[in-house]
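Asks: Can you keep this structure in mind? I'll have questions shortly.
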Amino acid sequence: SINYXNMSNHHMLSTFNLLPVGSNISTWWNFGSMLMTCLALQTITGFFLAIHYTANINLAFSSIMHITRDIPYGWIMQNLHAIGASMFFVCIYIHIARGIYYGSYLNKEVWLSGVILLTALMATAFFGYVLPWGQMSFWAATVITNLLTAIPYLGTMLTTWLWGGFSINDPTLTRFFALHFVLPFIIISMSSIHIILLHNEGSSNPLGTNSDID
């Protein structure tokens, strides 16, 4: 059996494993662990897709067709990655809604780290949406990045810098792919911090009682 007395002496181990939370929590508290499952799924499938993807405006769409048609189990990887992204957002919005309803925002450090995670996730999803370089990808890249031009003085310069030129082109796709590949590792790091902070402070519960009451 697990010796919890010994585990408490190893702070990092106990922080990751032991969550102070009341025994009255419901299904709504499952979505944090479901998000970790989504993150693992997206990282694994994304790695295998990145192996075969070509970040070139003339070849990107063809490389995705190649993945779905010619690569063994490529169609599963592609579909899991696409549907997994949608599930990621379903889970995170339910996770946030539960946090708002039960007052988890009072735990400021955990909440703010979660806000950073949501922002990073939205950025990652946007960059991933552009990668197939279909008609909607081109539209999204143009419209969303054009919002930067609304920034006074610096807007046009920032947009040109992000595009890598005076219009959406090959350099844009290359850097979007690089950002889409790097951001999940930042999300993994931030998730670890989010979990450590949560396990330090303790989770909320439906009755709002102390986390370590039982």
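Backbone N, Cα and C define each Cβ position, glycine as well.
Quick paste of what Swiss-Prot says about this protein:
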TRANSMEM  31-51  transmembrane segment
TRANSMEM  75-96  transmembrane segment
BINDING   HIS81, HIS180  heme b b562 binding site
BINDING   HIS95, HIS194  heme b b566 binding site
TRANSMEM  111-131  transmembrane segment
TRANSMEM  176-196  transmembrane segment
BINDING   HIS199  ubiquinone binding site
Asks: What is the interatomic distance between the Cα atoms of HIS180 (heme b b562 binding site) and HIS194 (heme b b566 binding site), given in whole Å?
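Replies: Between the Cα atoms of HIS180 (heme b b562 binding site) and HIS194 (heme b b566 binding site), the distance comes to 21 Å.
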Asks: If I take the alpha carbons of HIS81 (heme b b562 binding site) and HIS95 (heme b b566 binding site), what is the distance between them in whole Å?
Replies: 20
Asks: If I take the alpha carbons of the residue listed as 'ubiquinone binding site' and HIS95 (heme b b566 binding site), what is the distance between them in whole Å?
Replies: 16
Asks: List the same-chain residues at least 6 positions away in sequence whose Cβ sits under 8 Å from the Cβ of HIS194 (heme b b566 binding site), in sequence order, or say none.
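Replies: The list for HIS194 (heme b b566 binding site) reads VAL110, SER113, GLY114, LEU117, given in order along the sequence.
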Asks: Let me know how many other Cβ atoms fall within 10 Å of the Cβ of the residue listed as 'ubiquinone binding site'.
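Replies: So the number of other Cβ atoms within 10 Å of the residue listed as 'ubiquinone binding site' is 18.
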Asks: Counting every protein chain present, what is the number of Cβ atoms, excluding its own, within 10 Å of the Cβ of HIS81 (heme b b562 binding site)?
Replies: 19
Asks: Any idea which of the binding-site residues HIS95, HIS180 has the thinnest Cβ neighbourhood at 10 Å?
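Replies: Each of the binding-site residues HIS95, HIS180 was scored; lowest Cβ tally within 10 Å is HIS95.
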